[in-house]
Each structure stands twice: as C-alpha cells, then as structure tokens.
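To keep things clear, I will list the structure first and then write my remarks on it.
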Amino acid sequence: MPSSWKESGLRWYWVVVLVFVADQLSKQWVLANFDLRESINLLPFFNFTYVRNYGAAFSFLNDAGGWQRWLFTLVAVGFSTLLTVWLRKQPKGLWRLNLAYTLVIGGALGNLIDRLQHGFVVDFLDFYWKTSHFPAFNIADSAICVGAGLIILDSFISERKPNGEDVAKG
C-alpha cells in the first residue's frame, strides 16, 4: 500500500470532481431550460429530451413505488466508499484502474445527489434510430459505463508486478 495519499490512486480524485461538476451543471441547465419530456432535435439520431428516471440504468425498477430511491442511494454510497478505499490502497501509476474508479465514483455521486435532491435522476441524452430510442441517460451514467468498461478492459490486459506496476498480458 502506498505510504501517503499522494502516492496512491487518491491523486486521481480530481476526475471525481470533474465528472460530478459537469454532470450537475448539465442537469441544472436541463432543469432550468426544459419542461418534462420536452425535446430538442440536435442531429438526425440525437435529441436533448428531459426525462425523470426513478430507477437505475435503463429505467430498471422505474415503477417500483419509491423504495428503490433508498436502495440506489445505499448502493451509490457503498460503491463510492469501497472504490475510494481501493484507490487509497493502490499506487497512483495504475492509471487505467484509478481513472475507472474515479469515473464510477463521480457518476455515482452525481446521480446520488439527484436522488436525494429530487427523488429521481435527470436524464436528457436521447440517442435513437428511426423510431427506436435508446433509454435516455446523462453524463454521470456515461462516466459509470466508461469506468466499468475500463475495469473490464484492465482485467483482460494487465497483470501487476509486486510493486504495483502494470505488465501487459501475453
């Protein structure tokens, strides 16, 4: 374990702040400028559309009656805490995992604030093809997905030396 936070993955916590601020500013802009379900077409496959998500990814448990708000709050706090502990234990040089963890934490905290403040998550990025729409999402969701993808990628392409340095597999 690194001897100080400066030598640990916590040095990457600026990514958490960046994701969180970008996510919250974008959602505040949507709330200030859009009515619920209002949509503005930007490209032939992309709209800004304000929707409320009471569930999780892809509106999972969206209509569950309200208890899911507290479940997802606990999950966000739990994962953010766990990933922060892991960041403290790993060297700052493990850039892929440190970036992944901080993206997930920033996204989780962005959506957590929505749940606590509004009781729902503000989603607005709406991609579609003809009449088929992908579920709307936000910057926090994107950060969580990219972070999860990096964690999976890292598990396939990296091995660690005893000092924590990455070594390519194969």
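Even glycines carry a Cβ here, placed using N, Cα and C.
According to Swiss-Prot, the transmembrane segment annotation covers 12-32 (among others). Nonlocal intrachain contacts for the transmembrane segment (12-32), taken as residues 6+ away from its ends with a CB within less than 8 angstroms of a stretch CB, comprise 48, 50, 87, 92, 95, 98-99, 101-103, 105-107, 109-111, 113-114, 122, 124, 138-140, 143.
Sequence annotations record features per position, and here Swiss-Prot assigns transmembrane segment to 67-87 (among others) based on sequence analysis.
What Swiss-Prot records for 93-113 (among others) is transmembrane segment.
As annotated by Swiss-Prot, active site applies to ASP123 (among others), with the evidence given as sequence analysis. The Cβ of ASP123 (active site) lies under 8 Å from the Cβ of TYR50, VAL51, ARG52, ASN53, PRO135, ALA136, PHE137, ASN138, ASP141, each of which sits 6+ residues away along the same chain.
Annotation comment: Swiss-Prot describes 133-153 (among others) as transmembrane segment.
The active site annotation in Swiss-Prot covers ASP141 (among others).
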